[in-house]
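Undergrad: Sharing the features that TrEMBL gives for it:
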type: DOMAIN; residues: 8-425; note: domain 'Major facilitator superfamily (MFS) profile'
type: TRANSMEM; residues: 12-35; note: transmembrane segment
type: TRANSMEM; residues: 47-68; note: transmembrane segment
type: TRANSMEM; residues: 75-91; note: transmembrane segment
type: TRANSMEM; residues: 97-119; note: transmembrane segment
type: TRANSMEM; residues: 131-154; note: transmembrane segment
type: TRANSMEM; residues: 160-181; note: transmembrane segment
type: TRANSMEM; residues: 217-234; note: transmembrane segment
type: TRANSMEM; residues: 254-277; note: transmembrane segment
type: TRANSMEM; residues: 284-302; note: transmembrane segment
type: TRANSMEM; residues: 308-330; note: transmembrane segment
type: TRANSMEM; residues: 351-368; note: transmembrane segment
type: TRANSMEM; residues: 403-420; note: transmembrane segment
type: REGION; residues: 433-462; note: region 'Disordered'
type: COMPBIAS; residues: 433-443; note: compositional bias 'Basic residues'
């Protein structure tokens, strides 16, 4: 068999680390090239590029996942990593082609989906959450270190060296998949599937979203995720550009900000999250995370000094507990045989937000004329630039309008989340009720959606 050793989680971890380490190196050069290429509508074009990429990823992810079930994971790991990293060398060759290929590469920018399928093939169900956590932690670790390294090398030796190094790491990742990664999908599962057609339901990106309204609790959770993750996706796409061009951060300051935020987020999602889940419960943890997110976005929106961005960044790390807490609530609320369906809905909504959020933020920046008409001047000793400071004086009332819109969106998410019941034992009760009805032939076993209280009443009587 091709590859080194038997399939393992460590193969997937190395693939993820190398891909995102290569892109992390380009954080500072990308911000400079973006502004030089689109000097008049920087934020709008950034939003459109990232928005097109996100929407294409959302539309193609189910199809690529279904094809990998037939043709194996290794070939699609190679395909997704190759096309995701293809724009890297174009940064210095032709910036216009670089951004065009980034947009189109969204069709194959679904490495995480294939990696999670790879991990699912080789792990038992009780090991899977730990394995997924390791993959996510590796992704975070690559982004903690690489932007700082890229900024230092760019300042010392120029951005061309950084692009060459990132290209070399991407090629190393491709070679690693070709040589070292073994196929995880068992051979006996594939030949029978070669002639099997892929149904539209498997490839339909909206298939999971169509099931959202079938359960009131799931509907509330999905609305909460949409309203809270839409501004988060937009923020990720534009915030480092905002720090660099509007707040006057240097490349090193942006890299340090990413590193500190990443480390604090890892601590928040491990130690702090487990403490909160035990002490105040699942639902209250979600509400607390949404509260931190509102505070963070409002601070970003009204902040006009670099220290305010650093303080809001610390709050942003605490707001990162929301999605893990939502995932835990979903896993407790849904029946055992519905876990994949409900988690798929949440993932589908996040994928949709990855396309809509950046475009929305870019459009709001454009409406409020948050642009720079010239390149930043050399940084002052305090870390700001004269252009950034004069720009903030012109827009001193609302320096960051999209972040305030995001705060309003998350406030609505908080209000919706208040109506989500805790239901820590709903899964157990529901399954017990089904067993009870199955053994006694209760006439109400095909329960209608409006009879939500029936299982609980039956359980209480039993």
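Each Cβ is built from the backbone N, Cα and C atoms, and glycine gets one as well.
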Undergrad: Find the member of 12-35, 47-68, 217-234, 254-277, 351-368 that has more C-beta pairs under 8 Å to the transmembrane segment (308-330) than any other listed stretch.
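TA: Between the candidates 12-35, 47-68, 217-234, 254-277, 351-368, the best contact partner of the transmembrane segment (308-330) is 254-277.
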Undergrad: Out of 47-68, 97-119, 217-234, 254-277, 351-368, what stretch is closest in contact terms to the transmembrane segment (75-91), meaning most Cβ pairs under 8 angstroms?
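TA: Most contacts with the transmembrane segment (75-91): 97-119.
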Undergrad: Is the transmembrane segment (403-420) in contact with the transmembrane segment (12-35), using at least 3 Cβ pairs under 8 Å (sequence separation of 6 or more) as the test?
TA: no
Undergrad: Quick test of the contact rule: Cβ under 8 Å, at least six residues beyond the ends. What residues does that give for the transmembrane segment (403-420)?
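TA: Distal contacts: 217, 220-221, 223-228, 230-232, 234-235, 283, 286-287, 290-291, 293-294, 297-298, 300-302, 329, 360-361, 364.
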Undergrad: Within the domain 'Major facilitator superfamily (MFS) profile' (8-425) only, compute the mean pLDDT.
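TA: Taking every residue in the domain 'Major facilitator superfamily (MFS) profile' (8-425) and averaging pLDDT yields 79.
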